[in-house]
C-alpha cells in the first residue's frame, strides 16, 4: 500500500478503527494517521473554530466513552456501571478505543486557548491502539487528544505521560535509532526534530517549565544545523503565555509534521515503539507526525537534507499530484503593419491581407492547443486594447534584435546604484521595456525615475486641458504638462516603509505595498494615488501585477496571499495555507497560477481559478525571498536566506537542481528573455549568472522518480556558474533583463 | 566594551538579551531604542495595573492586576493575525465564487468611486451674501476646505437657483491633481438666492498660480450676473462637464 490517505476525517471510519486495534499492518496505522489530518478546507463545517460537536451517533458515542473513562479514573465505579448499562456500551469498548487523536484540530488552536485553567485534572483518558498498553495506560498515561470538533471538556490538551520521563523517552528513541542499520538511520533520524519540538511545546503548554528547560538543554544540541533559528526561537519560549500570540507556533502544534519514510524503516520504528515501555513516544508520533510511507529504497542523508528544512516537514505526495497547466497562453496573432496606413488586424486565423503584411513570428506557429497550457478562457483576462497591440508590436520588433545569450555569450550588466538612500531602499521595479525605475523606501515614499532621456510628464490640469485643441493630431502630447516635466517624481501616500513595488504591463499604473497594510495603485499619467486596497491588516511584504495586467497579488504577515483585480475593492481569491508570513509572491507567465514563498521555508503554487494549493516545494532552509519562473513556464527558481538557489520542475513537482555559491540572502532572481541564463543577486554584493539551459537539460524524470520523489541532485553548481560579478558594497535587490537581453541590476550603495 | 565610560547596567542587560536571541550585528542605536521601548511598555503596564487595582479597591497592586494589564495591552497593541482555521474557512468561502468576467471597452478599471482616493477632499459651504449694486463685480469668494473623503459628490456650479452643493449624477473621476472649485454667488439684488432667476450667469475661468498648496491649481469660476435681465448675460459654458472628463 503506497500512499497514505490524507482524506477528510470521517466520523464513521473512526469507529471502525476502534474495533481493530492491534492489526499490525502498516496500512491501517497509516490510515489512522491519515485520517487524523487537519481537516482541509472544505471539510466538515463544524471543524473550523466551531465549538459544538457535529451531531451524529459516532460523536456522541465518543463523548460517552470519554465520560466513562473520566468516571473510571476518578474511581466512581458505580456510576460507571450505571452509565454503561444505560448507554448500552460494550464492555471492552473502553479498552479498544483507538487513538482518535488529534486532529490537527482546527478547533485545537481555538479550543486550547480557552482551556488554560483546565489541566490534567479535568481530562479524559483514552486508551490508545495497542492492546498491550491497554492495561498499563490508564494508570501511567492520561492521553487525551484534541478532536477536530471541539467539545470543551474533551479537548483539553494534556501531556502524554509523566513530564519527567520525557527525557527518558527521547534518549531511549535516540539509542534505538543509533543502533539500526545505516541505511535506515538517516530516514529515522528525521523523527528527531519534530519529536523534540512537539515534546518541548507540550511540556511548556502544560506548565512544566523546569522539565521543559532540562529537556531543551539536553537535546537541542543534537538537532540538525539548519533548524538552528527555530531552536533559538524555542529557547526563548518558556511559558505558556509566550505561545499565545505566536500564530506560527500554534499552527505548528496543531498541524502535522510530514515525514517521508520508506516502508522498511517505518516497520522497524513501529515495531520498536509499540513495545510496552516505548508507547508514549508512539502516541506522540501518532498525534503530531504524519508519516507518508513509500515503497522503495530508503533515502540517503543527502537526499533527505535536500528536501527537508521547512517548518511543516516535507510535502505529501498527494499535495504535488494535481495537474498544473504550466504552458503559456497563445499569443494573439498581430500582423505587423507595412506602413502607417495599415491598421493592425488582430485575428486568430491570420487572414492574409492584400499587401501580404508580415505575420508575426512570435505568435504560436501551430494552431493546436498545447496540452499543458490552460485554455484562453480559463480565467477571464482583459482584452487587448489598441495601445496594448502597439506595445506588442514594439515588443516583437525588439525581440528580433535580441541578443542570444549562452555560456559563451554572457550579458552585459548595467547596475543602477541608489545613492544616499541611507539603507532605506526597500523595493525596486523596472517596467518591461526598461523605461522607468521605481523605488520604494523606508520613509514611505515612492520615487519614479525615467531611465531614458525622456522626462516624466504628467497630464495637465483640467483648466489647461480645456484650452488645448482636441482635434489636433498630437493631442496625446498636448495633454502632457511640459512645465512640470522632471527626471523623477515622488509619490507620497503610504504611512509605512514600502516593501513591494510593481509596474503594470501597460505602464499606466504602479502598485506599491507597505507595512501599513495597504496596497496603493498609483497612476503614472497623473502621478497621484488612485486606490488604496485594504484587506491585510498587517504588513504586506510583496505585491506583483499579473503579466496581462488587471490582476495583482499580494502577500504579507497575516500568512495569506490575496488576488485582487484593480476594479474590485475586495480580494477575489485568498490563498491560505502557509504557516508563517508570505515573503514573496509571483505570477506564472500564463497568469493562471501564483507562487508564494514564505518564512516557513516552503513554496506553494496556487491555482487562481479555484484557490487551491497545487504544489508544495520544500527544501529551503531559510525564508524565501526570491522567486522566478522560467519564460517557458515549466520551471521555477527560488532563492532564500540560506544562499542557495533551488530549481523546481512544476509539472512533476520535484526539485531538479541546486545552485550553491552565494554566501548571503538572495533577494532577486531573473531568467533571461529566452530562458538560457538565470541571474541571481544577493546581499553579498554579487550578481551571479548560471547556465539555465544546462541545468534543465538532463532531467531524469522517469516514473520512479516521480512516484517516490527521490531526487538525485548532481553537485554541479560550479559547472553551471558562468560568472560572478561583484559590486562595490551594494547589495543587489532587483534584476531585470531588457527586451534585448541586457541585464539591469539595482541596489542601494551601502558603504 | 572597551569604552572608558561604563555602560549603564540596563544597557548591558539589553546587550546580553540581544546576544541570547542570536542577534549579533546591530547598530548601536538599537540598544537605546530597545531600552526606550522597554521603559515605555513597563510603565504603561504598571500604570494600567494601578488603575485596575484602584478600581478593585485594593490598597496595593498585585500580580493579578499586572496580569490583567498585560492581557489587555496584548489585545490592544500586540495583536496577532487571525488563526489558521479561521483563515482557511474564509478562504474557502471566498474561493468558491467564480472570477468575475471583465467588461470590455471600459476606461481605467478602478473600483467604484467610493472606494477610490480620487474624490476631492474638500466641500464648499454655501454662501449667501447681500451684494450692492454694480454689475459684473466679483465678490470675494468664500472658500471652505473640509476634509471630506467619503462624500462622492462634487460641488458643481449648477443653475443659479441652486447655490448649495448639489450632488452630481455620476461622480466625476478627477484624475488631475487637486482642484479647488469655488463658487461665487451671483451679486443679485434679491437677498434670497433661491430665486429662479432666468439669467444664466457668466463664467470665466481664472487660474490662480499654485501658491502655498504646492502643485494645486485653484480654479475660480465666477458668476457674473448682470443686474439686467438675461439678455445681456453671457452664456455659461458647461465647462464643468468638460473638466470632469476622465483622462
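These residue numbers are counts, starting from 1, taken along the chain as shown.
Including glycine, each Cβ sits where the backbone N, Cα and C put it.
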Item to check | Of the residue ranges A:288-335, A:336-383, A:384-431, A:432-479, the one that TrEMBL records as region 'Disordered' | outcome: A:336-383
Checklist entry - Per the 3+ Cβ pairs under 8 Å rule, pairs at least 6 apart in sequence, do the repeat 'WD' (A:533-574) and the repeat 'WD' (A:617-650) touch? => result no
Checklist entry - Are there at least 3 C-beta pairs under 8 angstroms linking the repeat 'WD' (A:491-526) and the repeat 'WD' (A:617-650), leaving out pairs fewer than 6 apart in sequence? => result no
Item to check | Helix, strand and coil totals (DSSP H, G, I; E, B; other) for the repeat 'WD' (A:418-459) | outcome: 0 helix, 20 strand, 22 coil
Checklist entry - Does the chain bring the repeat 'WD' (A:491-526) near the repeat 'WD' (A:659-691), so that three or more CB pairs sit under 8 Å (pairs 6 or more apart in sequence)? => result no
Next on the checklist: For the repeat 'WD' (A:617-650), how many residues does DSSP put in helix, in strand and in coil?
Outcome noted: 0 helix, 19 strand, 15 coil
Checklist entry - Could you count the residues of the repeat 'WD' (A:575-616) that DSSP puts in helix, in strand and in coil? => result 0 helix, 24 strand, 18 coil
